[in-house]
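What TrEMBL says about this one:
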| type | residues | note |
| --- | --- | --- |
| DOMAIN | B:237-350 | domain 'ABC3 transporter permease C-terminal' |
| DOMAIN | B:464-645 | domain 'MacB-like periplasmic core' |
| DOMAIN | B:710-828 | domain 'ABC3 transporter permease C-terminal' |
| TRANSMEM | B:237-258 | transmembrane segment |
| TRANSMEM | B:278-305 | transmembrane segment |
| TRANSMEM | B:334-358 | transmembrane segment |
| TRANSMEM | B:379-400 | transmembrane segment |
| TRANSMEM | B:412-438 | transmembrane segment |
| TRANSMEM | B:459-479 | transmembrane segment |
| TRANSMEM | B:708-727 | transmembrane segment |
| TRANSMEM | B:757-790 | transmembrane segment |
| TRANSMEM | B:802-824 | transmembrane segment |
Amino acid sequence: MLEFRQVHKAYATPLGPLEVLTGVNLTLAAGESLALMGESGCGKSTLLHLAAGLDLPDRGEVRVAGRAISSLGEAGRARLRRETLGLVFQQFHLVPSLTVLDNLRLQARLAGREDRAWSAELVERLGLAGLARRYPEQLSGGQQQRLAIGRALAPRPALLLADEPTGNLDESTADEVLDLLLALVRDTGSALLMVTHSPRVAAPLDRCLQLSHGRIG
Amino acid sequence: MLTALLTLLSHYRRHPGQLAMLLLGLWVAGALWSGVQAINASARDSYDRAEALFTTGLDRLERRDGEPLVRADFVSLRRQGLPVSPLLEGTVVTSRGERLTVIGIDPLTLPGDSAFATGGSRGELTAFFTPPWQTRLAPDTAPRLGLERQAAPGTEPSLANGHRLPPLVLAPALPPDTLVVDIAVAARLLERGTAVSRLVAAAGALETAPEGYRLGRADTLVDPGELTASFHLNLSAMALLALIVGLFIVQAALGLALEQRLGLLRTLRALGVPGRTLVALLALELVLLGVIGALAGIASGVWLARALLPDVAATLQSLYGAAVGTQLRLPWHYWLGGLGVTLGGLFVAGSGILWRAARLGVLGLGQAQAWRAGFQRQLRGQAIAGTLAALLALAMWAWLAAQPAGEGLVAGFVLVGAMMLACALWLSPLLAAGLSGLGRLARRRPLTQWALADLQLQLPRLSLAMMALLIALSANLGVGSMVGGFRLTFLDWLDQRLTADLYLRPPAGQFDAVQAWLVERDEVAELLPTADAESTLLEVQAGGDQRSLEVPVTLFGITPGARLTPTWPLLETRAGRDAAWRALEEGEAFINEQLALGRGIAPGDRLVLRSPGGHQRVTVAAIYPDYGNPRGEVLLATAALRERFAAAPGSLGIVLADTDPPRERQAETLSRALAARFALGREALRDQREIKALSTEIFERTFAITRALNALTLAVAALALLASLLAQARERRRRLAPLWALGVTRGRLAGIQLTQLGGAALATGLAAVPLGIAITACLVAVINVAAFGWRLPLHVFPAEIALTLATALGVALLAAALPALTLWRTPPRTLLAEEEAT
């Protein structure tokens, strides 16, 4: 489902180029879940951005669902995100001007495959049933992250990319959100790549890899 | 992509204020522009219809003895085989008290291609001049008779004098407020017996004037559309200014709406909406909002035009003698044009924002610093564009300096526009640099330093509103100083020219007898008779050069004397004032500034003028100012003018011998004596002060619309500032919350806000002062000379400058007061809650 081959990525800084990824190799099979761990600034988010086609590698190859993202144009990468991927961010990134229900359906609608029954089930299972007409700012942090997970899973993506999905939540809320995320991923059959710095969050996933000094260790 | 579009638009559901600000900008910009264009379109329609009428484009005959024309004149000339046609003109009052012009014609003799003569079939023509006759009128004249347009045909409305009009027939080609009837009907309606107002002939049909008549050529009449072109251009320039200021609001609103949606854009991109699609959707959003705003603007513009048109019509009538209807008549392309200009302006305002949004990378989209870095780039871009605009202004100035005076109306407007643009573009970089410098100076005053740094952070959002304020303030100062200077000059000029105490206009046949009688009166110290005639300037001889021309000019006769000579203003003479006056008495001429600038004539040049007795040659001894006259004028001594050009006598200026008894009483006595001796009515004698008051009133009315548009532009700029402040009020409160937590009182924080904005506005006002003076200089030295033909002295009014600065400060404080009041009234805990929520 996801494959990184000798991927290099550097950023230009006033002090010269900063090498973030230096020859990363990684594979993730369909339906598999993988935790990617590492210190702050080790390149976890950069790796996730490359997987989502939000950025392009300097060298090496990133393949998602069999397609090399470097060979896709801007529109092709956007289509890939729309139809194949689901994204969950640490900062939620909900649309403040849409209601809870509209936020949840947003990506499925953009992908052109809204499943009303599945959306309704997600609302129930995410515990958002009584909040459907509220706006994101009227929700707690845990509720907002549950909504972000629902939005990402509504179109049943083949690959879910999650960037520190519990990083902004307290411990008990984080556990609750994580359980829900894994259950839903299992039910949809999606592959999961989760970036985290917490071993406790990484533990329930199928595999765990460590990113250090720009390489998978 | 409907989902993505609706998601983008949902932003306005949560921020209706931004939507209101955007629509407000479009609305006011569109309203002022469309309003002025509606006025211009209606005026042009009136000019076209007036041109199509038989009263223009025809040669005219008048009796040489000054007696009124009668039917016998027409009969006698027709018997001589001359192709003349009679016209009878007058005013009737409707039963509703409205005044309408009646023109009586003889359709059988009326020359060829006038709108009336060529319109209609033989049957219609017969119906026109046989009982029960017809009254032809434009559809927009019907409401003046108290009738609906559709119901008007066939009705026979009554007039105030009891007469009934013949059945009405609509004729769209006729000018407004005009009724055209057979001459026999006009004589009955106007109760004028056998009188005839004019005898007309096709242009060039008469080679010479018949014996006993004076011939006025059609080409001495100037086309009203041509005469008033500069007036309409000035109106358009003011409207364009308002449009630009309105579009500044639009750009500020768009920038804010996009900045606040950067996160949303990033999320949508992350969810798979391509960047190009997003930019296209933002453009579609612009179109949707633009159409709504433009339609509202056009509707309001039409309303505004309806409100202003009567004043504009009165101004055009008094300034140029051009008849403009007070009913709007808008062609189809007006509506499309209004929509096109507003949408075009919107895209100009929005293109920069779309360009910036398209260029931001997906990972940088959500980051405010990426946007701010964009602002830094924008400041550099503005400085470069401002420099280019300044260079353009310099180039225009250099080009204009090399042209003869009176050339380059469009270049003059480009010069003013480039100067304003350069200053507006430089304003934000200069404010940013100034704040940065002040911040370094205020290191030991933490709160001041914070306030300066905070104002710098606000600049991206405030800069557009400040630019709009700068443009509006400088235009206000520039136009205000020009009008003020013009007013002073005009009033001085009136005093200098209207030197007699009383003015009498006797009928031509009695003129000499009245003059001889007045000379004998004890209370009369001096008489200043005038005369006037029409002529054509055929040739100018300057040194060894000769230039052939065909320019219609007015000839005017004055009487040099003890009262007139010392005060009559002269701009340029060949050999000094005294020599010029001696030369005038000896048969030389003065010419007005319009003619001198327009035709490049200088003192010492010789003019060849057409006269009834052949060509006459006169030498130009001086040039005099002649404000408000749209035509070229040649001044001669009255006696010489009457003798050489067979000019008709005009008025008699009466200088009273003594100021005791008061002038009113002397005027009364003289009026009674004139009535007893010559049967002259009281209205024949006018007090100089009455004429001055009337002229001043006309002057004030002329600039009423300029002042109104100027004030509206300033109001729009104030709205821009208010809208910008309100749009960011909540975010400002969040930024102020930590200061409150650190122990700064809310009152002090509100005070800081007021000081920040007041200071920025004052800086803007100070920048507007030199720019406003430069605009005045361009207006009086370039644009007025090119548009009207006369130059004005440059006046700078300290009170006007103080008012500009006070307005800047007042507008800013007013705009800042509402957010500051809200801050002052917000409970402190709410401030912190808002801060935590970010």
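Each residue, glycine too, has its Cβ placed from N, Cα and C.
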- Which sequence positions outside the transmembrane segment (B:278-305), separated from its termini by at least 6 residues, show Cβ-Cβ distances below 8 Å to it? 1, 4-5, 8-9, 19, 22-23, 25-39, 42, 250, 254, 258, 265, 268-269, 328, 330, 335, 338-339, 342-343, 346-347, 350, 354, 357-358
- Should the transmembrane segment (B:802-824) and the transmembrane segment (B:379-400) be scored as in contact, given a threshold of at least 3 Cβ pairs under 8 Å and pairs 6 or more apart? no
- Item | Interface-richest range of B:379-400, B:459-479, B:757-790 toward the transmembrane segment (B:237-258), CB pairs under 8 Å | B:459-479
- Task: Count the residues of the domain 'ABC3 transporter permease C-terminal' (B:237-350) that DSSP assigns to helix (H, G, I), to strand (E, B) and to coil, and report the three numbers in that order.
- Result: 98 helix, 0 strand, 16 coil
- Message: For a three-state summary based on DSSP, what are the helix, strand and coil counts in the domain 'ABC3 transporter permease C-terminal' (B:710-828)?
- Response: 103 helix, 0 strand, 16 coil
